[in-house]
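Take a look at the structure below.
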Amino acid sequence: MENPKQGRTVPVVIGALAGLALWLVDLPALQAALTERMQFLLGSLVVVFFGLLLALTGPLRTVRAIAAALPLAAGVALMLLMASMRHETVAAFHFSDLAFVAAFVLAVLPLPFVIAAAGPGWRDYGAVFGEGWLLVMRGCLAWILAGLVWGVIWIADALMGLVGLGVMKQMLAQGGPLPGMVTGAALGLGVALAVEHEDLLSPEPVLRALRWLVLPLLAVMLAFFLALPVQGLSGLPAGLSAAVILLGLSAAAVLLATLTVGTDEEEASGMGRWLVLGGQGLAAILPLPVALAAWSVWLRVAQHGWTPGRVFVAGLVLLAAGHAALYLLALLQGGLRGAAAWRGGLRRANMVMAGAAMAAAALWLSPLLNAEAISARSQVLRFEAGEVAAADLDLAALERWGLPGRAALARLEVLAQDAGQADLAARLEARQGERAGSADPQTAAQEAEAMLAQLRAILPVQPAGATAGRDRLLAGIGAQELQAWVDACRTPLPGQAERPGCVMLLADFLPDLPGEEALVLLRGPEGFMRYEGLALQGGAVQRRSVAAMTGMLADREAGAALIASLQEGVPGLQPAPVNMLDMAGGILLLP
């Protein structure tokens, strides 16, 4: 670690720039210029880059931190983009929690190695371990300080609000960059303070406390495996996965065995004999919970097939098996060549498995391991083999599994047309009703996206090429209301079957607001007109009332004629001939 002691200015400025960058990425003008995938790529790059830069700025000089953070962030963002291709939309991909877990691991796990490379070297176990601890502590302190800063701001604003001077609600409503910049600056200050006082962040007190758990954990594991032949795994609490519990037990054994060897031989020499024996006992017994976890996953897959969650747990089992095998090898080396060989072997095993975890995270995000495709194919094959009845098919899960899930559903729909597949056809039809009443957030998002796609395809927009502004404003319409808009557009104008009963007109109706506003005309199936005004303010879509300067808004036949006229072209805009009294929100007389 270089530990340049750059002071507090650089991290604070970087944090403030991070908040500004996140605000800029969310600007409507930028979103209109980019596709959904490019928006996601840019947003991911900004989040990961500034997060890594803040983490590295303390221990590394700024230029070196940027040089390390930028390629790593670009790689993670590109991997996320590739993973998002498994879904029809980025919005649907946002529900893929495991992909973001993998991205977090891929972004964060290399950091201790990057920092150690600037000092003793990335192969120095003690340096990597120490930097990993300090990264965790800096992150915790930074977020605590950010929370305290906002707590003080809210209290101060509430106090000023008592005398009519509160501004926080107005500031947040405007949607400017200030809130994000304040948060980023507070995070940067937290990082700077943590770097200044690294001598107070020693892990030794925590590690000493954890070492007291080595022998109790070994005793619990021995008791568990002695009782297993008699009791079996049937006593696990309902709803809990045996594999997850066993993997948690394995992770605890790995952690505590690691603590018994220290970060170097000097530290290891101070370990008590019973502590060392306890660590070796944990290493020796580690293959048992890992093997049981693998068996549990195999049973679950044999009974119910693959799901992305089971693929993920299977990957964790493989990583745990790698730990167990390397720990056993280190134990054998210690028996043949002495305790120093055991300790060195375990430290090398941890370094190797850290690299394996990074590789596994990258593999999860890459096209080489598509958990959704594996799972969807598994479920369809089980149905075709007669291992699962049509009534037991988890169609909702297939819908959540992106494009592979859609392909699986399409395959099931083809099968449903065969003779003797009446149960499958009924199950697919019943699912349509379930989707309509579902409260599942992912299902709701998919339904909204599907209706948006339908509306974009049939809603005439003027000017004809203003699709970016149309999409930006339509994104603020709720799913239930979208259905009414789709119904209106699908109802043709009377006597004009080729003309849909809707139109959107984009123009600068409100010069004081950024971008263009939209006037939407909808003619319902019963013939009545509906007028909607949409505007962007503070980055959010807001409604605006629509009124006629003189008389009433056109309705029924006149409204249908107006829609047809607007579908032909955009009339010119003229300033409204009104003045208002500049007080009490603006008082005016309508003509």
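Glycine is no exception: its Cβ is also placed from the backbone N, Cα and C atoms.
Feature annotations, reproduced from TrEMBL:
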TRANSMEM  12-34  transmembrane segment
TRANSMEM  40-58  transmembrane segment
TRANSMEM  65-86  transmembrane segment
TRANSMEM  98-122  transmembrane segment
TRANSMEM  134-156  transmembrane segment
TRANSMEM  176-197  transmembrane segment
TRANSMEM  209-228  transmembrane segment
TRANSMEM  240-262  transmembrane segment
TRANSMEM  274-299  transmembrane segment
TRANSMEM  311-330  transmembrane segment
TRANSMEM  351-369  transmembrane segment
If you count Cβ pairs under 8 Å, which stretch among 12-34, 40-58, 240-262, 274-299 touches the transmembrane segment (176-197) the most?
-> 12-34
So which of 12-34, 40-58, 65-86, 209-228, 311-330 is most in touch with the transmembrane segment (134-156), counting Cβ pairs under 8 Å?
-> 40-58
Where else in the chain does the transmembrane segment (40-58) make close Cβ contacts, counting only residues six or more beyond its ends and a cut-off under 8 Å?
-> 6, 10-11, 14-15, 17-18, 21-22, 25-26, 34, 64-66, 68-70, 72-74, 76-78, 80-81, 84, 90, 93, 103, 107-108, 111, 114-115, 135, 138-139, 142, 184, 187-188, 191-192, 194-195
Apart from its near flanks, which chain residues at least 6 from the ends of the transmembrane segment (240-262) lie with a Cβ under 8 angstroms of it?
-> 207, 210-211, 213-214, 217, 221, 224, 233, 268, 270-271, 275-276, 278-280, 282-283, 285-286, 289-290, 292-294, 296-297, 300, 313, 316-317, 320, 323-324, 327, 342-343, 346-347, 350
Long-range CB partners for the transmembrane segment (311-330) (under 8 A, at least six residues beyond its ends), listed in sequence order, are 98, 241, 243-244, 247, 250-251, 254, 257, 283-284, 286-287, 290, 293-294, 297, 301, 341-346, 348-349, 352-353, 356-357, 360, 364, 369, 371, 374-375
Sequence-distant contacts of the transmembrane segment (98-122), meaning Cβ under 8 Å and at least 6 residues beyond its ends, amount to 1-2, 44, 48, 51-52, 55-56, 59-60, 64, 68, 72-73, 75-76, 79-80, 83, 128-129, 131-132, 135, 308-309, 312, 354, 357-358, 360-362, 364-365, 371
